[in-house]
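Pulled from Swiss-Prot:
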ACT_SITE  Glu116  active site, proton donor/acceptor
BINDING   His8, His67, Glu116  Mg(2+) binding site
DOMAIN    5-120  domain 'VOC'
Amino acid sequence: MLIKGINHICFSVSNLETSIAFYEKVLEGELLVKGRKLAYFRICGTWVALNEETDIPRKEIHQSYTHIAFSIEKEDFERLLQRLKENDVHILQGRKRDVRDCKSIYFTDPDGHKFECHTGTLEERLQYYKEAKPHMTFY
């Protein structure tokens, strides 16, 4: 296969300083470099780039379920929720989910990019779907 993995994730942000604070405090990102209009972080081993773009439309982003999901341990769920609240992060109402589907917290960065912190794994999700969703086809 030619594709080896995800190289980096890039977000357009409206205010670089505000976003740097969010990615450091909330996501515990390691700031690697900062320029006039860009910043690079390492988050969970992944390169995350922020590019400041002040003149693009941002309203459409709120209508999509598109998001980046991070894995968290079940025992860290409440601690993360508390950190989000302490940093005045916009926490989204999550979808209704079966207890077998584990737990998630959905929230946004200052520009409305959606994030999820999820306690489950892909294997757990597939097993739950096999048990509860007979209309699905598995390969």
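Cβ atoms are placed via backbone N, Cα and C, with glycine included.
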Least buried by Cβ count (within 10 Å) of the binding-site residues His8, His67: His8
Pairwise CA distance, His67 (Mg(2+) binding site) versus Glu116 (active site, proton donor/acceptor), rounded so that it is a whole Å: 7
Mean per-residue pLDDT computed across the domain 'VOC' (5-120): 91
Spatial separation of Glu116 (active site, proton donor/acceptor) from His8 (Mg(2+) binding site) - C-alpha basis, Å: 18
Cβ-Cβ neighbours of Glu116 (active site, proton donor/acceptor) (radius 10 Å): 17
For the domain 'VOC' (5-120), residues assigned helix / strand / coil by DSSP: 31 helix, 40 strand, 45 coil
